[in-house]
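Per Swiss-Prot, the features are:
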- 191: active site, proton acceptor (ACT_SITE)
- 309: active site, proton acceptor (ACT_SITE)
- 139, 189, 193, 310, 342, 394: substrate binding site (BINDING)
- 217, 219, 220: Mg(2+) binding site (BINDING)
- 217: N6-carboxylysine (MOD_RES)
- 349: site 'Transition state stabilizer' (SITE)
């Protein structure tokens, strides 16, 4: 039995003339670069899908051969020559690795490279993120000649984007429905995330909305458990929404998580949410791309906002050398069609370098992404009219960080203070009041031309003199930070984790 490691391949490999069909398709093993997967003179077409991979070859594996192997294994190749290639337009369908660059400041003992690979558009099914990902992140991520592999960015051609519906609502229409402009939206996740009865759950929702939040939210793992059936949660939560709306005169909402074990159950829950008058439903990333696109189509048909919690993403986005960058996930989510997507906080408890996170937000909400290496964006990306996704900042944030959050993310974002609302020493409603007052004070100061980055703490202290709940929030959390080194910073800009 042959051991198909690089040294053995080198020992049994005989150079062939790839232009000669007799040699090119003779049985046996060829290097991927000689099979046509390395084409340094290739000029990508406007209709090509382009992927940028970070590759870490095994010792002794040439980086160009490694890039060619990634191109081959993510498109048409297998480990040996197959004569059935001659039955296809393989010269067209094979992916082309056309550029390899060393990663700046990578470890000399374990060098990394950026590999640019172009894919013919016909390789992918129209309007299917599942099919796109089956190729781009399929078997190739387990390929032995690579020590590690990470998908850093993609250029999606306009011709392919036009086959996707994108977000069912989008930022502009959502603001019109809510009649809320000129500031970020405010939310909170119900805590504790598990264990509350339906009635107590509804009370938390009411208190948060009554205190000034725009949304309350189910957490990722609250579905339908022994302590609270999903139908009870929906009923009590919507009772709270309706009561808070009547008392405040503002449009309010609660993200009802319809995630379930089957699509039939998810549709049933979504339909019930609609019957109760909810304007929004929620799903988790872990349901998969086909289910996400299915729920996006349902939301579009039913004029509902679709919120996505990115539960599970860090299992493959957090490590810098292997997996997928969240900027790619953000692109796929926009194509799949969600209206909200959790995209990081930079200053909270979860992983996120400030510049990287700003890059994720830009992917979600810009009409055209320009190359911005400092934020990890490698490609010029027009969005072909796809609606914009509202990015969500959630996880370990509090009122004392309001100036940082507003400076980092601007108005088109949702700031979700779960523990920073529910954990307020004077109660849930006081926590909501503190966050609303802090936000409005900071927006007012920004609009007056003040330097909120440097004056932010003073602005909050001034507002707290007239708002006891805000003073209590600042006294409780003012010094709470999560200032740890980021595991995933842009290669072309070193930045600290905390803004």
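Note that Cβ sites are derived from N, Cα and C of the backbone, with glycine treated the same way.
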Inside 10 Å of the Cβ of residue 394 (substrate binding site), count up the other Cβ atoms and send me the figure.
24
Mind telling me which of the binding-site residues 217, 310, 342 has the densest Cβ neighbourhood, counting other Cβ atoms within 10 Å?
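Output for this query is 217.
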Starting from each candidate's C-beta and looking 10 angstroms out, tell me which of the recorded positions 191, 193, 309 has the most other C-beta atoms.
309
So, three-state DSSP: helix, strand or coil for residue 189 (substrate binding site)?
strand
What residues, ordered by sequence, lie under 8 A Cβ-to-Cβ from residue 220 (Mg(2+) binding site) and sit at least six positions away in the same chain?
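In sequence order, 193, 257, 259, 284, 286, 309, 311 meet the Cβ cut-off.
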Could you check the binding-site residues 139, 189 and say which one's CB has the most other CB atoms within 10 Å?
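Top count of Cβ atoms within 10 Å goes to 189.
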Of the recorded positions 191, 217, 219, which one has its Cα closest to the Cα of residue 139 (substrate binding site)?
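In terms of Cα distance, residue 139 (substrate binding site) lies closest to 219.
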Give the distance between the Cα atoms of residue 310 (substrate binding site) and residue 219 (Mg(2+) binding site), rounded to the nearest whole Å.
11
